[in-house]
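These notes are about the structure you will find just below.
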Ligand code: AHG
Ligand code: MN
Ligand code: MN
Ligand code: MN
């Protein structure tokens, strides 16, 4: 056996990282392990979604006014319970819960991190066996250790994130995250039940030939947004041809963008005057990942998305995110 080719697991990788940073306490690594464990539990259910009685509506409406799927609920419960049990998390906020949850046991109150998450992203894809995901975002709490966390701990601008990432339940299951330095991708090896380092130091290509936006809304977008989209629509045979992709799952769009480059847009329109995607659960963590991988993310012509101070947990926001040069072109067109 060639030991040089041994694949590094998530645990081994975080331990190695700790050795490189002697001042680190290991709490963030512990938190990432706990998130990875919740992801594995959700993955098991996602994989048997077609055979278990878990498909379809749970018969409830969440705080966003959307139908809640059973798998949304299951994933939400898994992440809340894992983070509640974790000794590294002071509290959580979830897309599926109206309010944040402060954990009040002694370990949790003495931990320094809060976690925000979208437990199941792309839930309209569940019934048709297309990729879905989980998105998470980690902040250092502002409130002192030893006390319960409060709303202000969760409403920090995205640039303050300590870590962010997603799990994609796709043709394979992957965990991709950043802890401010680099972006690392791990693929779940089902035979040993471990996430293994498969995509080290991911860098977004500076440009590519992919654009992604729900074109069904094209005529509802403002003129400046239509102008930006028109950059990618061939007008005659000599023009550069761009490929249009839209999965209906932000995790899948961002995963493709991290690897192949491109631009993903979810602008404001009609019934979604602030866009559809959520600042705290979706746009901030994805913008942090994309920026750490060398890409860019803006809310409008003048605003870097990560600099916005959220004013409420479930706030929505327009987003234009992806390859650096493509975001610059869109910015100029907006
Ligand atoms: P969620 O399943 O967490 O509610 O989010 C789905 C989001 C996002 O992932 C996707 O990009 C978008 O909804 C698709 O919305 P449209 O079908 O309106 O384009
Ligand atoms: Mn939803
Ligand atoms: Mn979502
Ligand atoms: Mn969701």
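Each residue, glycine too, has its Cβ placed from N, Cα and C.
Because TrEMBL annotations are produced automatically, they should be read as predictions rather than curated entries.
In the three-state DSSP scheme, residue 118 (Mg(2+) 1 binding site) falls into the strand class. Just so you know, the Cβ of residue 118 (Mg(2+) 1 binding site) picks up 29 other Cβ atoms within 10 Å once every protein chain is counted. Per TrEMBL, Mg(2+) 1 binding site is recorded for 95, 118, 120.
TrEMBL lists 118, 121, 282 with the feature Mg(2+) 2 binding site.
Marked as substrate binding site by TrEMBL: 121, 122, 123, 124, 214.
If you look up TrEMBL, you'll see 8-200 marked as domain 'Fructose-1-6-bisphosphatase class I N-terminal'. Mean model confidence of the domain 'Fructose-1-6-bisphosphatase class I N-terminal' (8-200) amounts to 92 (pLDDT, 0 to 100 scale).
Summarising the annotation, TrEMBL assigns domain 'Fructose-1-6-bisphosphatase class 1 C-terminal' to 204-333.
Between the C-alpha atoms of residue 95 (Mg(2+) 1 binding site) and residue 282 (Mg(2+) 2 binding site), the distance comes to 9 Å. In the structure as shown, the Cβ atom of residue 123 (substrate binding site) sits within 10 Å of 20 other Cβ atoms. Neighbour counts of Cβ atoms within 10 Å were compared for the binding-site residues 95, 121, 282, and the top value is held by 121.
Whole-number maximum of the Cα to Cα distances across the substrate-binding residues 121, 122, 123, 124, 214: 16 angstrom. Taking the mean position of the Cβ atoms of 118, 121, 282 as the Mg(2+) 2 site, the remaining residues of that chain whose Cβ falls within 8 Å of it are 95, 117, 122, 133, 134, 135, 166, 250, 251, 277, 278, 281.
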